[in-house]
């Protein structure tokens, strides 16, 4: 009998609960890089309109377009969490994963030498923890089958911001 596989998780983002404090960015960069380096954070908060903060991270698409686009197989899927994992030694920073991603989530921070994508911190995302501790709860771990709707969440930050601004302000920009 094979080892039991953990149910796959993803991070549900509720932008209207985001204060824009960016503790998630700080915590993520400390967890992954050992320093405060928001540019290398696997989650980013965008404020394209005043007062509308949009946390943005990988939704772990079930068809993994970024993984499939990588010419060097630097991206793989963690068997336990279903998260995309980057092999920094194989990454040639070509940007194929960025182009393939519907949300344009992967980034190549200056000085990093490889792409960064959310790996769900091995199943215990630190950004979700700090957001909860700060009392915002804009980020939440969810499980289950979201295949029918995942493209709803896999949008670029500008598109998400425009959607929210239309709802808040009731007009097009």
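The backbone N, Cα and C atoms fix where each Cβ goes, and this holds for glycine too.
For the [4Fe-4S] cluster 3 site, Swiss-Prot gives 58, 61, 66; the one candidate out of 21, 24, 101 that the record lists there too is 101. Local packing around the binding-site residues 24, 118, 131 was summarised as the count of other Cβ atoms within 10 Å of each Cβ; on this measure the leading residue is 24. Note: the [4Fe-4S] cluster 3 site is recorded as 58, 61, 66, 101; in the same chain, 59, 60, 64, 65, 67, 84, 97, 100, 102, 103, 105, 106, 117, 154 also have Cβ atoms within 8 Å of that site's Cβ centroid.
Recorded residues residue 131 ([4Fe-4S] cluster 1 binding site) and residue 94 ([4Fe-4S] cluster 4 binding site) have their alpha carbons 32 Å apart, per Cα-Cα distance. When averaged over the domain '4Fe-4S ferredoxin-type 3' (82-111), pLDDT in the model lands at 95. Each residue contributes its Cα atom, and for residue 101 ([4Fe-4S] cluster 3 binding site) and residue 70 ([4Fe-4S] cluster 4 binding site) those atoms are 11 Å apart.
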